[in-house]
């Protein structure tokens, strides 16, 4: 489990796209900031149920952002979007946390 210490102090930029048929279809959200996380791929796409199968037009953008925030604190390597990151997470969680911390310092800490 990733802890806040891995991403603490990081500022992660997201891109939000609302399709023409929103809210009937989910928004497209991706990370613009590089992040080492099993549920975010190299293109910044996010594996999150509320953005796919569990989407409901009743969901608000705020709820989705809170879900993404929760995902940052509780990665799910059993349902990965980045298989290589998930493999690292499963084989050596401490090494994965160290890498996540390093990427946060390198890519997400304002200079």
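The count begins at 1 with the first shown residue.
In case you wondered, yes, glycine gets a Cβ from its N, Cα and C as well.
Taken straight from TrEMBL:
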type: DOMAIN; residues: 1-109; note: domain 'UBC core'
type: ACT_SITE; residues: 47; note: active site, glycyl thioester intermediate
All-chain count of other Cβ atoms within 10 Å of residue 47 (active site, glycyl thioester intermediate): 19
Counts of helix, strand and coil residues, the domain 'UBC core' (1-109), according to DSSP: 45 helix, 11 strand, 53 coil
